[in-house]
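> Next up is a structure, given as structure tokens.
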Amino acid sequence: RGYLDNITAIGPRTVGSPENEVLAVNYLLEQIRRIERESTDAHKISVDIQRPTGSFSIDFLGGFTSYYANITNVVVKLEPRSGAEHAVLSNCHFDSVPNTPGASDDAVSCAVMLEILNTLSKSSESLRHAVIFLFNGAEENILQASHGFITQHEWAKSIRAFINLEAAGVGGKELVFQTGPENPWLVQAYVVAAKHPFASVVAQEIFQSGIIPADTDFRIYRDFGNVPGIDLAFIENGYIYHTEYDTSDRILTDSIQRAGDNILAVLKYLATSEKLAKSFEYRHGNVVFFDILGLFVLAYPARVGAIMNYITAAIAFFYLSKKVLQPKSRAIHNLKKLFTAFGLTLTSWVCTLVAVLMVAVFVSIIGRALSWYTHFYVSVSLYGTAAAAKLILVHMLAKKFLYKNMNEQYLGDIFFDASLMIWSLVLALMTQMGLCSAFICTLWVAFPLLTKLMIHKEFSQKGATMQFIVMYMLGMFVPYLYMLYLSWTVFEMFTPVMGRSGSEIPPDMVLAGFIVIFTVILSSYFINFVYLVKSTKTTLVTLTTVFVVTLILVCSGIFFPYSSDTANPKPKRVFLQHTSRRFHDLDGSVVKSDSGIWINGFDYNGISHITPHVPEINDTIRTPCEEQAPFCGLPWILPVHFMFRLVKTNGYSASPCWYIWTHISVPAGPSHMSLYVRPREGSALSRWSLGDGAPVASLGGDYFVFYSRGLRAAPWRFWVELTAPEKHSDGIVSLAIAAHYFFGEDQKSPQLYALLERFPNWTFSSGWSCTYDLFVF
């Protein structure tokens, strides 16, 4: 724990700052040298300080190009005295986002790696392969340092596998949420070695789908190094991830110990494994993997899973076809009844989804979005009860009008079979699509089918007896328990993300959609009870009452979205940039200049909750889009413009009442700059000296280049090549440069300081100064 406290005590470690480039590096080197002095003779320790310069393009955040200069990596190699040909890499990053101490992201991982290096170095047992510890100093700048290492460092060629330590929350259990690509032996290594496993192929497929606006160094090692690996991240309490509350005291010692136990065991296993040296021989094949309540991990080849899935689906279809054909004289009648129940079940799901999404839209329109952000139970009381009530209502009406006077046991049986049919079809479809998450469908086909076969006689008895209910619940125990466990993991990850996912997508609709999905899944084999029991009116009235009361309370505003509770804060994120802009024409003359504080509320509520505290910040100071300029003439630090509604959530004004100054006098060329390029009409950007030479456009068609540097970097020089028409009197390209001052005396102006002081304590307000200049060539 001492390592963690000492690293975070340095303060925010922004790339290019003395804290990151000098103080953090010196501390790491001091600890590494001490460990080297105390190591046994069985090991050789080598240390290298790398300061790479490079460039690459990435399709993250809509696509952009990254350029870095003289950033810092601290690299340590632990190997046998006789040397080693092959190596396993362990990666963390010691830099942090501006204005945050970065305890969980990612100082704790670097602390864990230091302790693992210390433990391994003191062992008298020699390793078979080398272990390379990369303390990278520029991950928050969108994965730059890992790119510099894997593409330029001489030790990178020996790496056969890696473990990446990350965070999407503060403490808790570290989740394995990405592996591979392919290389099933890596998952098996984790399964065998990890002492406290927590892993999910579902999380992997969700993360790699891109619906979470985040990425890790895993992508760089995979795409640019062609190296397989394991990606782990802390996921608990993501509400304070990337905020000032991400402090070392919030990370429990148990979490650190747990992570250390797991990573040490897996690294040691890989460093002594024969498979590491011949990893190319074990490359092919994906793996289905998931932990059972954190006790152990089940893992098996995806091809085996596919066979199991198809067999399970085939057995279910055989059972259903046999049911339909008995007796043969009623086969057509039975088939009609099954498909009617099948269609009605799907209809009830669609009606439920539409109804609940309508509630979410209504809540968003009246300005009560994120009412559940601090009080998660509100989302369950609002959307969960609405979903359950709607499902029951549809089937109650069907029972009353469509199935009037029909046998209750027959209806319960046919709707069970309809759910089984749906799950079997979904299982076959997901397996055909190659999704490893299809194992969930296998659980929802196999266990219900076994349950049905075991209590077939009870199904035929009159009424839902207590013995029948108990046996039914026991048969469904495994899929329900796993689904509840999985839903906890999904909501633990996703709910905090809604507070930093921009203003374009209504978070209530996203969360309501997830709740409907889980409600439908969990109710799929209990809907038949609507037909088995005499009445569900009491249940329906209770659910409706809870829903109505919760909706009234939400509309009244009693559930405030954010919290300043010191023990468990859930702040609103706001970014403020005191900006000075100048727009130049073709001959270099300034045709427009202004300055002001540009405000971004990082969630769907925008600035609406801040207006009562700072009346000047309201929707009347809307940000106009400079149509002739790339990215609307605004100094985006990253190309996340597509995540925001400019009109509603951003404030920019030159009003003299509180935007006092008109120009920022700061030294040129800070550590962070953004370059924006837009070819003029008739022109096209064909090549440039960045990345691989092929320009990559962002969403919207403009080009975005993210630049960062460490200390003593050379001037940034680059070229662009355009094709242009013969007549181009108004120029061939608009090029803008924004300079961002994230640290030092130039970071915040007096006006910015004064404004930040007025923000309520339930906000995390990150502010900096920047300049913006647009040129036409």
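Note that Cβ sites are derived from N, Cα and C of the backbone, with glycine treated the same way.
Okay, so TrEMBL annotates it like this:
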- 73-266: domain 'Peptidase M28' (DOMAIN)
- 335-555: domain 'Endoplasmic reticulum metallopeptidase 1/1-A TM' (DOMAIN)
- 569-645: domain 'Endoplasmic reticulum metallopeptidase 1-like C-terminal' (DOMAIN)
- 668-775: domain 'Endoplasmic reticulum metallopeptidase 1-like C-terminal' (DOMAIN)
- 292-320: transmembrane segment (TRANSMEM)
- 341-370: transmembrane segment (TRANSMEM)
- 376-398: transmembrane segment (TRANSMEM)
- 467-491: transmembrane segment (TRANSMEM)
- 511-533: transmembrane segment (TRANSMEM)
- 540-562: transmembrane segment (TRANSMEM)
> Sort out for me which stretch, of 73-266, 569-645, 668-775, has the most Cβ pairs below 8 angstroms to the domain 'Endoplasmic reticulum metallopeptidase 1/1-A TM' (335-555).
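Maximum Cβ contact count belongs to 569-645.
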> When the pLDDT values for the domain 'Endoplasmic reticulum metallopeptidase 1-like C-terminal' (569-645) are averaged, what is the result?
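Computed over the domain 'Endoplasmic reticulum metallopeptidase 1-like C-terminal' (569-645), the mean pLDDT is 88 on the 0 to 100 scale.
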> What does DSSP give as the helix, strand and coil breakdown of the domain 'Endoplasmic reticulum metallopeptidase 1-like C-terminal' (569-645)?
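Once the DSSP states are binned, the domain 'Endoplasmic reticulum metallopeptidase 1-like C-terminal' (569-645) shows 7 helix, 27 strand, 43 coil.
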> Within the domain 'Endoplasmic reticulum metallopeptidase 1-like C-terminal' (668-775), how many residues are helix, strand or coil going by DSSP?
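Tallied per class, the domain 'Endoplasmic reticulum metallopeptidase 1-like C-terminal' (668-775) gives 8 helix, 47 strand, 53 coil.
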